[in-house]
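Now, the feature entries from TrEMBL:
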- 173-182: compositional bias 'Pro residues' (COMPBIAS)
- 191-203: compositional bias 'Pro residues' (COMPBIAS)
- 27-157: domain 'FAS1' (DOMAIN)
- 212-357: domain 'FAS1' (DOMAIN)
- 364-490: domain 'FAS1' (DOMAIN)
- 168-212: region 'Disordered' (REGION)
- 1-27: signal peptide (SIGNAL)
Amino acid sequence: MRFFAATTAVTTVVATIFLSSLTSVTGQTVVDIIGLDPRLTRLYSLIVSTPGMVNTLKTLEDITIFAPTDRAFRTIPNNVNWTPEQVTQMLQYHVIPGRAYREAELTNGLQLRTSLEGQSLTFQVNATGYFVNRFSQIVQPNMIASNGIIHKIGDTPLLPPTLRNAELTVTPTPRPLPPTPVPVTSRPTLAPTPRPTPRPTTPRPTSGPGSLGNILDVTASLDGFSTLVDLILLTGLDTALAAMPHATLLAPTDDAFASLDPSFLQALTTPPYRFHLQEILRYHSFDMMFRGPNLLESLSILGPTGLFLSSMNTAHDRVQFQSPNGRSLNLNNGSANVVIADVSASNGVIHAVDAVLLPRCVQDTISTTVQNDRRDLSTFNTWLNEARLKGLLNRDGPYTVFAPINEAFNEFSTGTPSVDDMIEILTYHVVQGMYPSTLIEDGMELTTVLGSTIRFRVTEMGVIMNDSVRIEMSDTVAGNGIIHKVGGILWPFRISV
Ligand SMILES: *[C@@H]1O[C@H](CO)[C@@H](O)[C@H](O)[C@H]1NC(C)=O
Ligand SMILES: *[C@@H]1O[C@H](CO)[C@@H](O)[C@H](O)[C@H]1NC(C)=O
Ligand SMILES: *[C@@H]1O[C@H](CO)[C@@H](O)[C@H](O)[C@H]1NC(C)=O
């Protein structure tokens, strides 16, 4: 039974269009886009406080900017004082002039000259992802602006050699920060905000933010969100949500869950679909906080396209936030509407939504998912094409696919087997049914589509199939099944290559 694949993967198509023509639909320059991004506030304030920087960045054509997130900037101690020249150098070191490089064009070992005289950045690309100077991973690639492209980097800002060796002035005494003003949201902006009922329990020793529960507590205290709360508890996402200092949760109402296909909802609560549920819930969670007034203001500047924000699911699938009239907020082209905005919790904010959003990863079929994973599965994809097996993996399934990663095919450097042999090899890597890693037990045997079985050993080294091939990365979900990436190829017969 296939629940997810019904909707087409609009987001893929759109992303491709965006990338093929480097024109920002909104006409926003790199500076505008950085300024509107709730995760890039530190970078933006450095840019605007550096004389001439805004102008330079707005007038340069076709640039690539690596934009450290606010979180990345937290690795720089608060009491470090950069001189204006040091800030300028640091910013220049994040800019590649002359060409807008898409993430896919960054190759392992590539070095690119920055606009800081004589300094280059080096790139590392591997199974973990794309890294700049080894320590800063690209966390959100390919944000297109009218005059270039922005890749958000996490972990830490890029420091030119001159700034690396503690040539930083440290202020003698940490300057006490003025008390952060609490944003006043007296004016209801979207819909009336229900106040979480004040707890009539024993008075707490402290007042202020401490008296507010965390995101999940507050959600649970509201009427009409019990399905969501139950599902969150089922996947253990509550721990992750509680650990985040600034989070946003889009909370589908009980009615929203009730309007899903009942068999789909039922399946989601069962162990085989645990990872699918997790991806869906994480698609509603954001590791940053954004609330009505600012968000609406930004969205009204951005126009109908709105803003795409990376969710916390594995693929960081993005949710599109739009406000066509500057007053109401909707998501993914009206797939969901915010019905109650800006409910505060101690560690973030909750917006109630009237529909469950389904991320691309639970809508795409296995065929599409494999095809999109050029980094690890491009050879597997080529083989599936040659063996004409893509259609099989578009069917309802569900299927569990043990997909050999590109390196696994190295033994075929001298030539590929015949199509008939390919079909046998490939169908030996596909099992009917949904088997996430959590359901694969030591000693278990599964019958493949080819007919013969695979035996699993669960060891300290990981899960090994037929004592020879290891699961390198488990549980990539797809609409019609689940994919485990494996480090070798299982041979269902002896062939000579
Ligand atoms: C990929 O490269 C980064 C940066 O060099 C490194 O931290 C990470 O461990 C590497 N991952 C793998 C799987 O090699
Ligand atoms: C909504 O539609 C617009 C225009 O077709 C497109 O650019 C955008 O990516 C769509 N959003 C989603 C989430 O599919
Ligand atoms: C893998 O193990 C199963 C169970 O022992 C066995 O039936 C099958 O033939 C093995 N496959 C290969 C390719 O050795």
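Backbone N, Cα and C define each Cβ position, glycine as well.
Taken residue by residue, the domain 'FAS1' (212-357) breaks down under DSSP into 62 helix, 35 strand, 49 coil. Here the domain 'FAS1' (27-157) has, by DSSP, the following mix of helix, strand and coil residues: 39 helix, 40 strand, 52 coil. Taking H, G and I as helix, E and B as strand and the rest as coil, DSSP gives the domain 'FAS1' (364-490) the counts 42 helix, 40 strand, 45 coil.
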